[in-house]
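I have placed the structure first, in the form of structure tokens, so that the comments after it can refer back to it.
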Amino acid sequence: MSVISCSYKDVFEEKASRGKLLILAFQHVLTMCPASIAVPLILGSALNLDNKTVAFLVSANLFTSGISVLIQTFGFANIGSKLPLVMGASFAPLGVMISIGGQYGLNTLFGAIIGSGILIFVISFFMEKILVFFPNVVVGSFVTLIGISLIPVAFKDLAGGEGAANFGAVENIMLGGLVLIIIIGLNQYGKGLVRSLSLLIGIIIGTIIAFALGMVDLTPVAQASWFEIINPAKFGAPKFRIDAILMMTIFCVINLIQCIGVFSVLDEVCQTNTDSSTKIKGLRGVAMGQIFAGLFCSVPSTMFNENVGLIELTNVKSRNVIKMAGLFLIIIGFFPKVAALITIVPKPVMGGATISLFGIILTAGISILSKVDFSTGGNFTIVGISLAVGVGVTVVPNIFDAFPSLLSMLLSNGLFMVSITAIILNIVFNFKDIKKSLVAN
């Protein structure tokens, strides 16, 4: 299988008609919205914010996600990777955001997001050295765990959503299963635009069937306002506390590690080879997007694996499609009713759709690991132990509940644990090779 350099722009510069461009972009928005919107909803609920404030946080999140997408896809100077990467709210710092917001208030929370964004931007200038610690054996383990940890989320949605009164109902599983079958069938046997829109078509058909069965709740659409102004510092000037900024930075570093993994997933899907310079520019784009997020009272963004999975599913790698998706997100941010309309897609429908996307991410992780030489450098042990630790913490997250709060949040994060375990073991087993690479860089 041939691999090409991502510097060849034609890989991501596919041309599409205006109509096709709009539909494909909307498909990407539909894919990322449920997960992205969930973060401000959970944050608002945990902080006991009123409905109007929560609605603003959702709108601000979509708006700043769109800005982050444009920063990432257009690229300005040495900021932004110019790759087809969709940005959306990150779950990595959610726990610490709830802690900071609850203890110090929203102004300090957004100040911490801005401050940590600046620190992450500074860290990006040392990424050439840092990336040495992320060979395929580390990244492959991380991406594989992402797939493993996301699949239960898809299956919970397939069953009706965690906590649903009808969780596991036959109609939920049959509906989600039908959506999955439609997506697989269209992707395998569809031609042209039909194949490219297999996910969107599956979701639309599933939602129509769900509506006929009385499974679609239109209340969020009715309650949402028509227009929302996204103004900076809506809750007053941000406040900066060193302790809050440092706590936020720790979890935003996990976000950076996730983004490094997304670059590898994109390489597997598009058969490209993203160089270190492009990755560093992309991570600066993440940091810049986070600074904007804090200024506009939103949450940090990350690169979405599921949208890279959608690129594989549709075989459309166009950067222009993602640019249009970014514009859509900015526009939707001003119109909460439109955002609410996207969120009414029933959980079983999204569960069936995301099984296919999350499966692709898992396969990408396995593909990355297939390039690792398991006969040398203790790689067999590195992958085995790091995945065992990561999966263990993911399945039993309360194992560290007796630890101090901040440490417990960190150690109970499976993605952090698989990363730090793989990095440490790789240093132990391959110290000489790492030392040579550090000197070379």
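In case you wondered, yes, glycine gets a Cβ from its N, Cα and C as well.
The feature transmembrane segment is assigned by TrEMBL to 21-47, 53-71, 83-102, 108-126, 133-155, 167-186, 198-216, 244-266, 325-345, 351-369, 381-400, 406-429.
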Taking contact to mean 3 or more CB pairs closer than 8 A (sequence separation of 6 or more), are the transmembrane segment (53-71) and the transmembrane segment (133-155) in contact?
no
Are the transmembrane segment (21-47) and the transmembrane segment (325-345) close enough that 3 or more Cβ pairs fall under 8 Å, when only pairs 6 or more apart in sequence count?
yes
Contact set, same chain, for the transmembrane segment (21-47): CB under 8 Å, 6 or more residues outside the stretch:
53-54, 57-58, 60-62, 65, 86, 88-91, 94, 97-98, 101-102, 106, 193, 196-197, 199-200, 203, 298-299, 304, 306-307, 310, 314, 316, 318, 320-322, 324-325, 327-329, 332, 339, 342-343, 345, 350, 353, 357
In the same chain, who gets a Cβ under 8 Å from the transmembrane segment (406-429) while lying at least 6 residues past its ends?
92, 95-96, 99, 133-135, 137-138, 141-142, 145-146, 149, 247, 250-251, 254, 257-258, 377-379, 381-383, 385-387, 389-391, 393-394, 397-400
Against which stretches of its own chain does the transmembrane segment (381-400) lie, if we need a Cβ under 8 Å and a gap of at least six residues from its ends?
137-138, 140-141, 144-145, 148-149, 369, 372, 374, 407-408, 411-415, 417-419, 421-422, 425-426, 429
Output the single range from 83-102, 108-126, 198-216 maximising the number of Cβ pairs under 8 Å to the transmembrane segment (167-186).
198-216
Tell me whether the transmembrane segment (351-369) sits in contact with the transmembrane segment (133-155), defined here as at least 3 Cβ pairs under 8 Å among residues 6 or more apart in sequence.
yes
